[in-house]
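If you check TrEMBL, you get these features:
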DOMAIN    20-260  domain 'G-protein coupled receptors family 1 profile'
TRANSMEM  6-31  transmembrane segment
TRANSMEM  38-66  transmembrane segment
TRANSMEM  72-95  transmembrane segment
TRANSMEM  116-138  transmembrane segment
TRANSMEM  158-177  transmembrane segment
TRANSMEM  209-228  transmembrane segment
TRANSMEM  240-262  transmembrane segment
Amino acid sequence: LALNPWDVALCVSGTVISCENAVVVVVIFYTPAFRAPMFLLIGSLATADLLAGLGLILHFAFVYFIPSEAVSLLTMGLLVTSFTASVSSLLTITIDRYLSLYNALTYYSERTVTRTYIMLILTWGAAICYGLLPIMGWNCLKEPSACSVVKPLTKNHLVILSVSFFMVFAVMLQLYVQICKIVCRHAHQIAVQRHFLASSHYVTTRKGVATLAVILGTFASCWLPFAVYCLLGDYSYPALYTYATLLPATYNSMINPVIYAFRNQEIQKMLWAVCCGCFSSTLPFRSRSPSDV
């Protein structure tokens with residue numbers, strides 16, 4: 001096959017994604033202090049994005065060096081599983097942040113740990129089920145007219161994935177609106193109790209709202225174009241449209257470590273310790289709420 005520049009761009013994107021998220025996974029896995037629910041969820045997100053990056057690299061390698069229908073189904077199943085787990089992990093992090101604010105007094109309890117494991121099981125269970133569909137026979141290899149804009153996925157399969165994405169996005173939007181209200185209310189209460197100036201309250205509120213806007217805006221700008229195109233597009237459309245919407249979607253997995261991991265002070269400390277050659281899994285950490293992450 002002639003080398004497609006879009007495939008090269010996806011492979012490069014997958015390489016960057018893999019390197020970034022591998023660092024997060026290694027740091028969380030080898031640091032016993034990172035066993036709190038919020039770090040487990042961040043680790044789940046990083047693992048999903050790491051698999052997505054590896055899937056993009058493997059897809060490029062198999063398409064150009066080991067072309068095979070069976071291998072194509074396996075790599076596509078891996079990509080569907082990993083990207084579904086990534087989006088679902090973002091939802092679980094949003095739920096965890098909301099509950100940490102809404103139930104602040106009872107958040108640090110055994111029930112929170114149990115709830116976190118349940119969310120992780122549901123997240124990866126659903127992702128694996130979606131990813132197994134092409135391998136189990138729900139593909140268009142024998143019926144090209146049933147193909148979607150992403151071969152060998154069928155149109156029905158891609159519609160289900162797109163509808164699921166819009167449902168996740170709607171829930172996240174609603175939760176972040178509620179988080180924004182809670183943050184604004186808390187900032188106002190603190191300002192009244194400590195007799196802060198109105199300008200201080202305004203700055204605190206604006207910073208919180210801006211952070212939430214960046215998180216949700218990044219997620220939407222990366223994934224919405226591809227999700228909309230999956231619903232409206234057809235297998236007869238030029239592949240250029242698929243590449244032009246899919247490539248920005250992969251950038252979400254590239255940005256996730258920056259937003260959810262590298263901004264965390266504990267992870268920053270550990271990364272600096274590793275870079276300085278003074279790695280120690282017993283470094284002191286300050287307990288933080290997921291709403292601070």
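Even glycines carry a Cβ here, placed using N, Cα and C.
Just so you know, TrEMBL annotations are computer predictions that nobody has curated.
Highest Cβ pair count under 8 Å relative to the transmembrane segment (240-262), across stretches 6-31, 38-66, 72-95, 158-177, 209-228: 6-31. Confidence for the domain 'G-protein coupled receptors family 1 profile' (20-260), expressed as mean pLDDT, is 86. The stretches the transmembrane segment (116-138) and the transmembrane segment (38-66) meet in space: the count of Cβ pairs below 8 angstroms, excluding pairs fewer than 6 apart in sequence, reaches at least three.
Only residues 6 or more beyond the boundaries of the transmembrane segment (38-66), in the same chain, are considered here, and those with a CB under 8 A from a CB of the stretch are 1, 3, 7-8, 10-11, 13-22, 24-25, 28-29, 72, 75-76, 78-79, 81-83, 85-86, 88-90, 92-93, 96, 100, 116-117, 119-120, 123-124, 127, 250, 253, 256-257, 260-261, 264, 288-290, 293.
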